[in-house]
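Scroll down for the structure; my scribbles are underneath it.
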Amino acid sequence: MSVSVYLLDIEGTVCPISFVKETLFPYFSAKLPSLVKSDDVSIKSVLAQFPQHGDSQALQTHIQSLVSNDVKDPTLKQLQGTVWSQGYTSGEIKAPVYKDAIEFMKRKENVYIYSSGSVQAQKLLFGHVANPDNSGSNESSLDLNPLIKGYFDINTSGKKLESSSYEKIVTQIGVAAEQVLFISDNVKELEAAHAAGVKTLLAIRPGNPPVQENHGFRTVEKFDSL
C-alpha cells in the first residue's frame, strides 16, 4: 500500500535542531523572571498547575530546571507556547524552516505535524517562518499553516516514544498505518512508529547529533527526493 499521509517531526527534521535550544528556550528563559510574577489571568492559570506556584522564586527555579533538562511537561509546553506567541507576534522570533521542507509541504496534500511542543506552539512556528527567498523584504515571513492538514502533540496523542501514540494518530487521521510515513531525526521515535506499523524515514540534517550505527532505518538528507 502506497504512502498517502506524511507525518513530520519539527526540530532536526524540518528546521534546525538548534532553533529550539538556541532561540526558543533562551527567549523563554529571559522572560521567566517577569512571567512568574505576571498578573495576566491566562498566564496565572497555567502557573497554578505547577506545585510550586505559591512561591515565585521556587516556581522560577522549577520551571528553569524543566527547560534545562528538556522535560516534556505538558504544563511547561503550554506556558512556553504562550510566551513564544508573544515573540512570534512581535516579530522577535521567526522559524528557520528548511527551504526543501517548505517546497515539500507545498507539493504534498496530506501533511501532518507531530511534536512534543503543543499544537499552539506548532501553529505559531509554522505561521511565522523566515522566507528563505525574501529574508530582507517586507515579505520575510511565511504562513505555512494552510499547507498542514493537522497537528498532534503529547496532549492529543501521547508521548513520541510510545507506539500507542502513533496508533492513536493513525486512527485520528483515518487511514491504514502503512499509508503513513513518519519522518524524524530521533531513532527511538522511529522505532515506536515502526512498532505501530507506520512507515519511517530518518532525517539527517546539519547539526543533528550523530545516530547509532546499524539503526536499520532508511535516511533522507533533503526532502527534494520525496
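Backbone N, Cα and C define each Cβ position, glycine as well.
Of the residues proposed, LYS44, LYS149, LYS160, LYS168, the one Swiss-Prot records at the same substrate site as SER115, SER116 is LYS160.
Per Swiss-Prot, Mg(2+) is bound by ASP9, GLU11; the candidate from ASP185, ASP224 named for the same site is ASP185. Put simply, SER115 (substrate binding site) is 12 Å from ASP185 (Mg(2+) binding site) when counted between their Cα atoms. Listed in chain order, the residues near the Mg(2+) site other than ASP9, GLU11, ASP185 are ILE10, GLY12, THR13, VAL14, ILE17, SER115, SER184, ASN186, ALA203, ARG205, ASN208, each with its Cβ within 8 Å of the site Cβ centroid. Sequence-distant contacts (6 or more apart, same chain, Cβ under 8 Å) of SER116 (substrate binding site) comprise LYS72, LYS77, ASP153, ILE154, LYS159, LYS160.
Farthest C-alpha pair in the substrate-binding residues SER115, SER116, LYS160: 8 Å apart.
Taking all protein chains in view, 23 other C-beta atoms sit within 10 angstroms of the C-beta of GLU11 (Mg(2+) binding site).
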